[in-house]
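Structure, as structure tokens:
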Amino acid sequence: FVSYQVEILDWKTKTQLCFLDKVEPNATIREIRLMFHKLYPRWYPARQSIKLDPKGKSLRDEEILQHLPVGTTATLYFKDLGPQIGWTTVFLIEYTGPLFIYFLFYFRMPFVYGLDERFTSSPHPVVNLACICHSFHYIKRLIETVFVHRFSHGTMPLRNIVKNCLYYWGFAAWLAYYINHPLYTPPSYGKKQINFAVIMFLLCEAGNFSIHVALSDLQRNGSKTRKIPYPTKNPFTWLFFFVSCPNYTYEVGTWISFTIMTQCVPVGLFTLLCFIQMTIWAKDKHCTYLREFKDYPSLRMPIIPFLL
């Protein structure tokens with residue numbers, strides 16, 4: 001076979017970092033990362049971004065050298081992504097915070113609302129219900145992180161953990177402060193509004209979990225090859241007929257129901273931000289599906305059936 005020569009340049013300065021000789025044509029980008037790591041131990045594979053173009057997208061681990069638009073002397077570009085942290089660790093940190101922060105407000109710690117005896121408990125049952133639902137949501141997320149999720153990208157930049165934690169932990173504190181406040185007023189339509197919201201909440205949580213399991217099953221054998229997700233016998237997965245990312249649809253539904261349950265403005269603002277962010281993620285994933293699969297179902301929208 002014809003061996004390849006791979007030149008790796010710095011993406012910014014264009015200076016040569018290394019020259020790999022006699023590389024097999026069927027070598028993957030992952031294998032090239034490992035070769036590069038041997039020469040530069042401080043840049044472990046997860047920290048490397050290898051590109052065909054300095055301003056282009058990173059090549060995936062499974063891409064094969066001879067299938068890339070390069071000659072037998074290939075020029076690739078390296079970018080340092082900075083220190084990395086595993087996604088499992090990221091999610092465990094992000095989701096454990098809101099769980100415990102909420103309890104500080106729910107149990108009316110003296111340093112939060114003051115020492116007045118009136119502040120030690122709430123007369124409204126919906127406050128207890130909101131705590132149960134909020135805790136259930138994040139406990140479910142932690143269980144999914146450990147037992148269900150399979151991550152196509154093993155790590156994320158360490159610097160992002162601070163931003164993510166500020167978002168999740170900060171909002172958890174803001175929501176909890178108002179929901180558990182001694183002056184909190186319950187929903188306008190009482191039990192009917194609360195019961196409707198709880199049913200909607202549980203259905204959306206079940207749907208979200210079902211989608212995560214279905215997506216995980218696509219990579220059951222450890223394969224990282226992207227596949228088109230299809231509905232299964234589980235009715236909650238039938239949303240795949242209409243949207244590319246039903247997990248986000250159900251997630252937004254969960255927070256809409258929590259907003260209805262608590263009738264709290266900060267929860268509504270958090271729900272709106274969640275919807276905006278998840279719409280961005282869903283559109284990006286939807287475009288990726290369309291780009292990679294010519295037979296991708298034409299009826300599907302990114303996040304809202306027939307609309308968005």
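The backbone N, Cα and C atoms fix where each Cβ goes, glycine too.
TrEMBL: automatically predicted annotations, no manual curation.
Feature annotations, reproduced from TrEMBL:
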{"type": "DOMAIN", "residues": "5-80", "note": "domain 'TECR-like N-terminal'"}
{"type": "DOMAIN", "residues": "155-308", "note": "domain '3-oxo-5-alpha-steroid 4-dehydrogenase C-terminal'"}
{"type": "TRANSMEM", "residues": "85-107", "note": "transmembrane segment"}
{"type": "TRANSMEM", "residues": "166-184", "note": "transmembrane segment"}
{"type": "TRANSMEM", "residues": "196-215", "note": "transmembrane segment"}
{"type": "TRANSMEM", "residues": "235-250", "note": "transmembrane segment"}
{"type": "TRANSMEM", "residues": "256-276", "note": "transmembrane segment"}
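Against the transmembrane segment (196-215), the recorded stretches 85-107, 166-184, 235-250 differ in Cβ pairs under 8 Å, and the greatest number is found for 235-250. Across all of the domain '3-oxo-5-alpha-steroid 4-dehydrogenase C-terminal' (155-308), the predicted model scores a mean pLDDT of 94. Through the fold, the transmembrane segment (256-276) approaches residues 126, 129-130, 133-134, 137, 171, 174-175, 177-179, 184-188, 193-194, 196-198, 200-201, 204 of its own chain, all at least 6 residues removed from its boundaries and within a Cβ separation under 8 Å. Helix, strand and coil residue tallies for the domain 'TECR-like N-terminal' (5-80), in that order: 17 helix, 29 strand, 30 coil [DSSP].
Sequence-distant contacts of the transmembrane segment (235-250) (same chain, at least 6 residues past either end, Cβ-Cβ under 8 Å): 204-208, 210-212, 214-215, 229, 278-279, 281-282, 285-286, 289, 297, 299-306. The list of residues near the transmembrane segment (85-107) in space but at least 6 beyond its ends in sequence, with Cβ under 8 angstroms from a Cβ of it, reads 127, 131, 134-135, 138-139, 141-142, 145-146, 149, 151, 153-158, 160-161, 164-165, 168-169, 171-173, 175-177, 179-180.
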